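**Student:** Right, I'll just put the structure down here and ask away after.
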Amino acid sequence: MPEAAAPRRAPAGRRRLRTRIILSFALLGLSLTLLLAFATNWVRGRVEEDMITDLMDRNINAYADRYYASGGRDIGLPVQQMYGRVVGKDKFEALKAEYPEWYGLGDGIHPMVGTDEKGMPLAYKLAVRKTPDTWFFLAYDMQESARRTEKFEKALYLVVPLFTLLSLLLGWWSASRVMAPVSELARRLRRSGNSSDPEALTPYFAEDEVGELAKALDDYSERLTEVVQRDREFNADVSHELRTPLAVIRGAVELLLSKPEIDERTRTRLQRIQRAELQCTDLISALLLLSRNERAVGQCDVGKVAQQLLDHHRAQLGGKPIELRLEGETGVLLEAPESALAVALGNLIGNAVKYTQSGAVVVRVFHDAVEVVDSGPGLSAEDAAKLFERGYRGTHAGHSQGGGIGLSIVRRLCALYGWDVRVRPGDDTGVVATLRFG
């Protein structure tokens, strides 16, 4: 069965806003660079392809015209990377044997793959113009174009990471500029977090989005400060008004207890009233500390407080066959007011006594903790998960009195003083509640 502990909010894993901005710039730069590189390479290829096609189309016609104009003599080519050939009617069949891939081509420009004099692969474009008596062929070497394409693609491979790096640097610079006022706002908020009168934020920021946020935070802080101030004044007034009648009760009880003629039964009842008055005083002091969220200074003997609490509950057992006893170390001092320890430990002991019908409730004092062990019905999984929630009453509560806020107060006191409270099932039966001091 799981062990229940006062819940602590774990820090949520998150990626900083500055990092998200930088990564966004880097991804945007990479995406745009890749898109631009792909588009540039595609456009360059198409433009070069169209230029070569147009060049060859014009030159094959010029080649044929010059051939006829020269009376059928061999003519030179006006453009480099071109090889021209004229085949007369009597050599058509010879061409079929020498260049079978040329023989069946029609007029136009055709991409071709062959081999050069060294037997290496050769890519070229072949312009063809055929007449009944003469066939004209003009070959354009594409190897140079392929080399240019390869160099261009290598350049793009260098440009893409370079522009990505530039985008990363631009993102870092932009994020620093954009996040500077936000970071300053967060720094000022942290600095004024523990102040009861926080400094206004609006004067330190321009009239932009961050300035609007600072103004909204100032308005919220002002309203919250007013609420807290009213709450503190109310708690102080209530505490003062309650302490006055309690002081009257305490004085009256002490006066009555000082009279030797009262009988034992009356004395027992007066002592019970005295313990209840002390419990109310401690509870008021603890609640006042929680409302102010301030640690009161003081020192108390853990064993002494535990014994007083056991004596208080022992007087209220009635006929329940329960043994209440104190074990462990003596003289353990705690740097905290007695009222805070009495409320926290008193709630743990009170729950143990309430849900134990027979057996024992044992309080063990250690040098850094105090443990309350009972022989009650134990702890369910549902109780373990919700035990310290405000207003929650355990599955074994039945029709017992209580609003389910006792352990919630214990949790808040532990948070205030840096203590830790945990509740787990006992070895055989019952529950073990441990209050560990920070």
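Quick reminder: no glycine exception, Cβ is built from N, Cα and C everywhere.
Sharing the features that TrEMBL gives for it:
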DOMAIN    176-229  domain 'HAMP'
DOMAIN    237-438  domain 'Histidine kinase'
TRANSMEM  21-43  transmembrane segment
**Student:** Counting only residues 6 or more past its boundaries, what in the same chain has a CB within less than 8 Å of a CB in the transmembrane segment (21-43)?
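**Tutor:** Non-local partners: 149, 152-153, 156, 159-160, 163-164, 166-168, 170-172, 174-175, 178-179.
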**Student:** Note the mean pLDDT of the domain 'Histidine kinase' (237-438), expressed as a whole number.
**Tutor:** 83
**Student:** In the domain 'HAMP' (176-229), how many residues does DSSP call helix, how many strand, and how many coil?
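**Tutor:** In the domain 'HAMP' (176-229), the DSSP-based counts are 40 helix, 0 strand, 14 coil.
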